[in-house]
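Engineer: Dropping a structure here in structure tokens format, bear with me for questions.
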Amino acid sequence: MATVTATTKVPEIRDVTRIERIGAHSHIRGLGLDDALEPRQASQGMVGQLAARRAAGVVLEMIREGKIAGRAVLIAGQPGTGKTAIAMGMAQALGPDTPFTAIAGSEIFSLEMSKTEALTQAFRRSIGVRIKEETEIIEGEVVEIQIDRPATGTGSKVGKLTLKTTEMETIYDLGTKMIESLTKDKVQAGDVITIDKATGKISKLGRSFTRARDYDAMGSQTKFVQCPDGELQKRKEVVHTVSLHEIDVINSRTQGFLALFSGDTGEIKSEVREQINAKVAEWREEGKAEIIPGVLFIDEVHMLDIESFSFLNRALESDMAPVLIMATNRGITRIRGTSYQSPHGIPIDLLDRLLIVSTSPYSEKDKKQILRIRCEEEDVEMSEDAYTVLTRIGLETSLRYAIQLITAASLVCRKRKGTEVQVDDIKRVYSLFLDESRSTQYMKEYQDAFLFNELKGETMDTS
């Protein structure tokens with residue numbers, strides 16, 4: 001009789017590393033200012049634009065103090081002068097506690113909701129509410145867990161949990177749900193845990209130092225903590241930070257919290273918002289909550305129409321308004337939705353309410369420094385001559401085009417088994433990928449070969 005041997009496959013364990021995507025502004029860590037709000041020439045990923053960065057630093061201090069609401073700042077300048085970079089630097093400098101919402105001007109035009117609703121939601125997303133609440137917790141080291149399972153296999157489990165601190169020891173009776181939570185979290189004797197009395201949530205803090213010498217197989221991530229002292233039951237203040245929009249969505253309908261994850265918020269009634277405002281004001285009076293005025297950044301603000309600008313005028317006067325930062329690269333142009341022209345495509349009455357910060361074109365030295373920072377961010381090694389050629393391309397075309405050539409040149413370099421990007425790699429990708437001016441030149445030369453051409457009869461000097 002043949003014997004069959006069963007082979008068990010051992011699953012292969014792979015290290016899952018988190019991939020950080022490199023974006024256009026991922027190299028920016030802050031505004032690069034010192035304690036006196038003086039900008040450094042190159043710091044935290046920011047280069048040049050000293051006056052604009054100093055102005056942004058002053059606005060940043062006003063936001064941090066939280067004393068102002070409804071102030072609006074316009075960052076105006078030519079394309080490629082770092083307007084969005086300054087706004088991203090402000091977001092990084094503010095940190096995760098201050099709400100920062102970034103939208104583009106064209107995002108508010110949707111078939112699902114009105115323009116004013118989209119703007120209102122963006123405003124409410126930018127205002128945080130820090131809610132303080134006191135909860136009772138049980139904190140101690142697990143001495144023993146006894147679980148009595150019914151002999152039949154069916155029925156509810158019961159058990160006892162022994163917890164201790166340096167001063168006392170207590171036995172707690174356990175129900176079925178608590179036993180399931182302890183089993184799920186793999187809690188065992190020697191673990192230091194906290195139990196929230198209101199919700200029954202169990203949090204594992206680590207292993208007790210008294211068990212450090214026990215013979216046990218444990219991973220490098222095992223954390224050892226002191227055995228808690230004092231009483232087992234303690235009162236702890238927990239701080240939650242949520243945005244007004246999140247409170248709106250949760251209260252707008254039954255199971256509204258699910259809409260936070262799906263994104264299908266829809267239009268929210270003004271009555272709901274008024275009730276929430278009244279409740280938040282009440283919490284504020286009682287000292288339970290505080291308002292954190294955040295930042296709403298609207299890029300390409302000239303894309304808004306006259307109705308949206310009219311709404312912004314009114315919204316900025318509200319006491320629940322965040323600091324509004326807008327960016328535009330337009331000069332004197334037509335206001336969308338009208339036949340009138342205005343500076344930056346923004347009505348005069350709104351311009352009167354704005355603090356305007358202007359950005360100037362980067363110098364050759366600044367562009368070279370920015371390209372160096374981008375090469376470091378993208379892990380690309382480049383020779384000094386290649387930097388000079390790339391800077392020259394950036395001056396003649398645009399900084400964005402030069403930055404986009406970095407990755408392409410790096411790929412060409414790797415294909416020829418090189419380690420450092422040389423001038424030939426830059427020249428090759430420059431010949432492969434056209435910039436805006438060379439593309440326009442090509443179209444004008446071969447305009448008759450294209451299917452549609454609106455420059456009929458126009459001649460161009462291509463010399």
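Each Cβ is built from the backbone N, Cα and C atoms, and glycine gets one as well.
Found this in Swiss-Prot, in case it helps:
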- G77, Q78, P79, G80, T81, G82, K83, T84: ATP binding site (BINDING)
- K9: SUMO2 cross-link (CROSSLNK)
- K444: SUMO2 cross-link (CROSSLNK)
- K456: SUMO2 cross-link (CROSSLNK)
- A2: N-acetylalanine (MOD_RES)
- S437: phosphoserine (MOD_RES)
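What's the neighbourhood like for each of these?
Structural biologist: Residues within less than 8 Å, Cβ to Cβ, of T81 (ATP binding site) and separated from it by at least 6 positions along the same chain comprise Q49, T359, S360, P361, Y362.
In this structure, K444 (SUMO2 cross-link) is part of a helix by DSSP.
Taking all protein chains in view, 12 other C-beta atoms sit within 10 angstroms of the C-beta of S437 (phosphoserine).
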Engineer: Could you tell me the C-alpha distance between K444 (SUMO2 cross-link) and P79 (ATP binding site) in angstrom, no decimals?
Structural biologist: 24
Engineer: Provide the three-state secondary structure of P79 (ATP binding site) computed with DSSP.
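Structural biologist: For P79 (ATP binding site) - judged by DSSP and reduced to three states - the answer is coil.
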Engineer: Just to verify: the residue among G77, P79, G80, G82 with the fewest other Cβ atoms within 10 Å, which of the binding-site residues is it?
Structural biologist: P79
Engineer: Among the binding-site residues Q78, T84, which residue has its Cβ surrounded by the fewest other Cβ atoms within 10 Å?
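Structural biologist: Across Q78, T84, these binding-site residues, the one with fewest Cβ atoms within 10 Å is Q78.
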Engineer: How long is the line from the C-alpha of K83 (ATP binding site) to the C-alpha of S437 (phosphoserine), rounded to the nearest angstrom?
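Structural biologist: Cα of K83 (ATP binding site) to Cα of S437 (phosphoserine) measures 23 Å after rounding.
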